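J.: Here you go, one structure.
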């Protein structure tokens, strides 16, 4: 009877083994399902917490981990690095005594020379912080030069020294006329017989020489407003010849004459000044327009002319610029214009009478 009992025991043994195998298999399947559910939940939480790009998502998930347990991934070079962690003196000493090796992390330029890259001194691969490369001070550095500025220096043959005593002393007037000044100095006319008079057509300023006895060359009385020392003050400009031609085109009715001037530091120059053409000069001096004299006063103040001369300019009476009388335009050029029109009319009438 032993064989049947042996068969029964063997059968029970197989059933017991199959039962344990089934339980183990079910437990493994249960663990696998839990792991899959946990992984899915983790992905869902990561996606909800940081909906950014995938390459940034993995990096952001690792920012909360301990740096000692963080491991670099193959795509770490393409991710944005986490913010740098402060290194204390103790950590710095441990990294030096712990046998950490220095490895370059940042990219280098082509050729590999003349660059500085960051190195890892903490001994942990997760603490390596890539930094931008910087040029090193080599034996032959290449300095970055500033952008070239326009040169204000010009040769003596291409420059003109001019003396301004009216509205050209004002910076805004020169800017509107697109004139660039190379240098400027306050100065005055050396000849005391040259006076500042408002006898140009429209009531503008001009220079006129006075004879002995206080009378001008035209036989009129001396100017209505006279400076404290009788000298004309202004600004000595050095400009290019092209800019001087711009001024000459804008100075209607003026001609160019040489005048001897002296700067406030004692240097004397022979400068070119704009004076009235006799055809555009008024027979008598008039009061200047308020707007014009305001520009003259502002130019004298901006160029730091003698305070006494500025006080003289402030004491000059003015008139409104609108509605100037006929005395501001009674110049020889006006009568010459009328005469020309009369001659043209006579020629036209004679032509029609002949035909």
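Glycine is no exception: its Cβ is also placed from the backbone N, Cα and C atoms.
Below are the features I grabbed from TrEMBL:
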- 292: substrate binding site (BINDING)
- 67-79: compositional bias 'Low complexity' (COMPBIAS)
- 115-126: compositional bias 'Low complexity' (COMPBIAS)
- 138-149: compositional bias 'Pro residues' (COMPBIAS)
- 50-152: region 'Disordered' (REGION)
- 335-353: transmembrane segment (TRANSMEM)
J.: In terms of DSSP three-state secondary structure, what is the assignment for residue 292 (substrate binding site)?
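T.: Note: residue 292 (substrate binding site) is helical by DSSP.
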J.: Long-range same-chain neighbours of the residue listed as 'substrate binding site', Cβ under 8 Å, sequence gap at least 6?
T.: 167, 203, 204, 321
